[in-house]
């Protein structure tokens, strides 16, 4: 069945907005703006402070946070406005993305431009979007209590929900756009390719742990860490008794290790699968690796770090596209328009 052009465009817009949201979220984190708004008001919060009195009230709320006491006690009102506006844009864009995604679903369903299976799939995405927003606030709350930073575990959870949401959206878009499973490959090679894409997801989550711990601000050389491939501190007995994912050295080393593993595993895929999608995925993996190294040696330059974060999603998108093109031996070809009427 022919995909409805409007549905395809809508899904493409939602995917693009999700990537832009990732960029905005990265900039929010890198500029330490995320804790500047201390309340979660999904409806009232659409309107920003108006007038100096309103701004001073918001700054007074910020003054009660650990971040203010430890890092920003001398912040001026103008500087506070700057970080507040960044977080405000982050939240406002999230609301806009939710509206752009959710509002057309009833129309497309009633006019039978999408079938029940696709409606169910899209409702799962909507649920993930709501969970992602709630997780964002749950993450922010962790930085408003004792420490002047959010929990790196909650940050990783926040990103992981975005990964799930984007993956389903992107897969739906590819099917609507007519991408078919036309290249036959062995089960072993298919599952190897899928495992490399899975490693990419794991690496993105590890990147969130690195970001949450500010681990990128240390060991700013590559490939050595403190003059060695494997730093001596990794052999500490204390590290292996429950503190591994809390340790800056361990988390950064793990992020480096998985990055190299992905490059090594992705390198043979184009020769095994013989598809342009595999070459595109390998190119994205290589560029993402170089962006990661550049971010590290630049001591987390904001532009490089933001590009590194969003290009992780581009690499994931290339991986999902690669898998969509593959058909395992013995399976039937998957139509590029499943779920569309």
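Please read every residue number as a count from 1 along the shown chain.
Each Cβ is built from the backbone N, Cα and C atoms, and glycine gets one as well.
Check Swiss-Prot against the ranges 64-84, 190-210, 211-231 and you find transmembrane segment recorded for 190-210. Between the transmembrane segment (7-27) and the transmembrane segment (190-210) there are fewer than 3 Cβ pairs closer than 8 Å, counting only residues 6 or more apart in sequence, so the two stretches are not in contact.
When Cβ-Cβ distances below 8 Å are used as the criterion, the transmembrane segment (190-210) is approached by residues 152-153, 155-156, 158-160, 163, 216, 245, 251-252, 254-255, 258-259, 261-262, 265-266, 269, 272-273, 278, 281, 285, 308-309, 312-313, 315-316, 319-320, 322-323, 326, 328 of the same chain, each at least six residues removed from its ends. When other Cβ atoms within 10 Å of the Cβ of residue 308 (heme binding site) are tallied across all protein chains shown, the result is 24.
Using a Cβ-Cβ cut-off under 8 Å and counting only residues 6 or more beyond its ends in the same chain, the transmembrane segment (118-138) has close neighbours at 40, 42, 94, 97-98, 101-102, 105, 109, 154, 157-158, 161-162, 164-165, 168-169, 172, 338-340.
In the structure as shown, the Cβ atom of residue 255 (heme binding site) sits within 10 Å of 21 other Cβ atoms.
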